[in-house]
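Chemist: Found this in TrEMBL, in case it helps:
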type     : residues  : note
TRANSMEM : A:23-46   : transmembrane segment
TRANSMEM : A:61-82   : transmembrane segment
TRANSMEM : A:103-129 : transmembrane segment
TRANSMEM : A:141-162 : transmembrane segment
TRANSMEM : A:174-193 : transmembrane segment
TRANSMEM : A:199-225 : transmembrane segment
TRANSMEM : A:280-298 : transmembrane segment
TRANSMEM : A:304-323 : transmembrane segment
TRANSMEM : A:353-372 : transmembrane segment
TRANSMEM : A:378-401 : transmembrane segment
TRANSMEM : A:422-444 : transmembrane segment
TRANSMEM : A:450-470 : transmembrane segment
Amino acid sequence: MFGTLLNLQLKQARRSPAYQKSLVVNIILGFFIIYFALLFLSLGFFGHKILSEIYPDQSPLVSFNSFLLIYFLIDLVSRFMLQDLPVLAIQPYLHLPVKRNKLVHFVLLRSIPSVFNLLMLLVFVPFMFRAVVPEHGTGIALVWLTSLLLLTFINNFILIYFKRQLTSNPKLTLLLALAVGGLMLLDYLHVLSLRQFSVAAFGALLQQPWLVVVPLLGLIGVYLLNYRFLMQHLYPEEIYVKKVSAVEGNDMAFLNRFGDTGKLIALELKLIWRHKRPKSMVMISAFLLFYGLIFYTNKVYLEGWGMLIFVGIFVTGSPMFNYGQFVPAWQSAHYDALLTRPITTYQYVKAKYLMFIPSILLVTVLTLPYALFGSKVLLINLASCLFNMGVNSIVVLYFAALNKDRLDLSNGSAFNWQGVGASKFVMMLPMILGPVALFLPFSFMDIPQWGIFAIALAGALGLIFHRQLLQLMAKRLEERKYTLAAGFRQH
Amino acid sequence: MIEVKDLVKAYSDTTVVNIPSLHIAAGETIGLVGNNGAGKTTLFRMLLDLVRPTKGAVTSKGIAVAHSDAWKHYTGSHLDESFLIDYLTPEEYFKFIGDLHGLSTGDIQERLQPFTDLFNGEILQQRKYIRDFSKGNQKKVGIAAAALSHPELLILDEPFANLDPSSQIRLKNLLRSLHEQYGMTMLISSHDLNHVTEVCKRIVILEKGQIVQDMQTTENTLQALEAYFTV
């Protein structure tokens, strides 16, 4: 029975439209996977060196252990945001003569082989060989690794249990994140030492390996908790976390001033707010604001120009890139409605444009504090802002006409590759490389400031001629509308 | 009102619609019947410029629909769920459509008044998004939105499908009164021969993309249709 179920699941995955992507996307995806895998592996291999450099007065294993508790807490919070429940997969079998307990065991065990549970092994295993085995021997090292795995699985099942109980309430997730953040702050202020506690706990494990039964019992406990809950609630309407709550319609009256274009913007804002995928995309964009910190804190990047231009374009344009890459596929479910109503394509395109511009301005204002890293950063970011508004907004709309895959909005956007095509990667190239190409000749002439000015000028020109450019984009979209509409009708 | 000339839609080598000529005069009510795959929906989509014809053209009031947006102002349509903006509440949706046609909130309320029976208290003030309604109720929202602007031309695909018997009868009466009051030209496809003959004064049978019969409705039409579809 388990074999049959597993086989069907594999078929489902293999035959899903998301899996049958083009070769290019698969290659790029494969590249990303290998890149991150190597990143984590090297973190594991060189972790003990890094740790003994940062904390020279204690063994790297102790340092590593001290962060484990915090790691597992963060892991739990991020699971609440990212991980989804596989429970609905058993719905088609509920009316068939299959034992209920088998179905429940299946759905629970199926949740174990997932990226969330196995990714950190890439760090843990090499670190074990490099730092734990030499200090404590293979046997104890394996016990140490086992207990880490067990804790990961405990997190997995805690998530499944609570996410179903609380439904996916974003406020509770935020509360949990704040609680963990608070604990970390207390640790940082030496009020309450999470790290000491962590060292004590995992140190004890290394001294007395039989303590591995503690996480084991914990795992059995949460597993049984889930099992009992699911056995008692094996009805689609009870395990399905969808909750229809009363909603209030609203009008967004302030947008009425912009006429029909304003109405389209209001419509789109509601679209973002009322679907999971665009909403989580907004969240991701918020996180990307901090992307600059990776580069600005590094002297090597801060002295050059090229990387800073890349960061500037990326940071000030991140909401536009994130959202714009799927225009007009966001509206794939009701594209026919837009085409048969008295809305001109120009109005439609202009509504998108008028969403991009404020988003870029807002992000630019929010990232103004980066000026603390120097006036050069500020200059580059302001030029990038202009370039994004004038040029890249049009480029996004240009590539929009290639988005003919229907987009499923009900799933979150993290790790969601549904509707991602090769054009998404192609469109990033001119947007990032364009400004760098503009900059290079001036850089060779040793007047980099003029290069930044050229980027800003290109953006300003784009803004001045935005009406003509938008008309061109509208024409392009108009020509492609039958292809798009036909693509969106394919489920 | 609508003029179809040499209209052909072919996908690779199968022809799904092939209509040499179809004339729809203003004020006519036309029922389009035919089995699955007869090309009804494709024809509708070409009338609404959602599918590019392989050959030929559709003109509305003398202007090709593919070349102008003018028809959108006097044409209301509901083919399927993709005509609904399903993350809005019905009220928001009606407001959005009403705004596009320059209707005030009062106008919208007044125009929804005749739909009260059809809505049966299950559509308005439900504090739900359209996507959370049942298929039948979604259809009611779509039909009401299509008729909201009192369009000169109303195109509905399978309006009776998914509706309960009472709603079907109410919708039938509603469509008839809309036609009488505003002289709307109607183009309705249906699998329900009974309803469609009661609402429409002209019946067009489509088979494998071609018009095989085009007749005015008389008291014998229903029998003729039943005879035609009995195989």
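All positions are counted from 1 along the displayed chain.
Every residue gets a Cβ built from N, Cα and C, even glycine.
In TrEMBL, annotation is done automatically, which means it is predicted and not curated.
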Chemist: Quick test of the contact rule: Cβ under 8 Å, at least six residues beyond the ends. What residues does that give for the transmembrane segment (A:141-162)?
Modeler: 68, 72, 75-76, 79-80, 83, 85, 87, 108, 111-112, 114, 116-117, 120-121, 124-125, 128-129, 132-133, 202, 205-206, 209, 211-212, 214-216, 218-219, 222-223, 225-226, 229
Chemist: So, do the transmembrane segment (A:61-82) and the transmembrane segment (A:304-323) meet, by the test of 3 or more Cβ pairs under 8 Å (sequence gap 6 or more)?
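Modeler: Counting Cβ pairs under 8 Å (6 or more apart in sequence), the transmembrane segment (A:61-82) does not reach the transmembrane segment (A:304-323), since there are fewer than 3.
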Chemist: Give the nonlocal contacts of the transmembrane segment (A:353-372) in its own chain as ranges (CB under 8 Å, at least six residues past its ends).
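Modeler: Same-chain residues near the transmembrane segment (A:353-372) but 6 or more away: 258, 261, 265, 268-269, 285, 289, 292, 296, 315-320, 323-324, 378, 381-382, 385, 388-389, 393, 396-397, 466, 470.
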Chemist: By a Cβ-Cβ criterion of under 8 Å, what residues six or more beyond either terminus of the transmembrane segment (A:199-225) are in contact with it?
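Modeler: Counting only partners 6 or more residues beyond its ends, the transmembrane segment (A:199-225) has Cβ contacts under 8 Å with 61-62, 65-66, 68-69, 108, 132, 136, 139-140, 143-144, 146-147, 150-151, 153-154, 157-158, 161.
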Chemist: Please report, as numbers and ranges, the same-chain residues at least 6 past the borders of the transmembrane segment (A:422-444) whose CB is under 8 Å from any CB of it.
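Modeler: Residues 22, 24-25, 28, 305-306, 309-310, 313-314, 317, 321, 325, 383-384, 387, 391-392, 395-396, 399, 402-403, 450-452, 454-455, 458.
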Chemist: Checking distant contacts: for the transmembrane segment (A:304-323), what same-chain residues at least six beyond its ends satisfy Cβ-Cβ under 8 A?
Modeler: 272, 278, 281-282, 284-285, 288-289, 291-292, 295-296, 330, 355-356, 359-360, 362-364, 367, 370, 376-377, 380-381, 383-385, 387-388, 392-393, 396, 428, 431-432, 435-436, 439, 443, 448, 451-452, 455
Chemist: Same-chain Cβ contacts of the transmembrane segment (A:378-401) under 8 Å, 6 or more residues past its ends?
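Modeler: Residues 305, 308-309, 312-313, 315-317, 320-321, 324-325, 327-328, 349, 352-353, 356-357, 360-361, 364, 367-368, 370-371, 423, 426-427, 430-431, 434-435, 449, 452-453, 455-456, 458-464, 466, 469-470, 473, 476-477, 479-480, 484 contact the transmembrane segment (A:378-401) from elsewhere in the chain.
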Chemist: Under an 8 Å Cβ to Cβ limit, what residues of the same chain, 6 or more beyond the ends of the transmembrane segment (A:450-470), are close to it?
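Modeler: Those are 305, 309, 346, 349-350, 353, 379-380, 382-391, 393-394, 397, 434-435, 438-443, in sequence order.
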Chemist: Can you tell me which parts of the same chain pack against the transmembrane segment (A:174-193), counting only residues 6+ beyond its ends and a CB-CB cutoff under 8 A?
Modeler: 70, 73-74, 76-77, 80
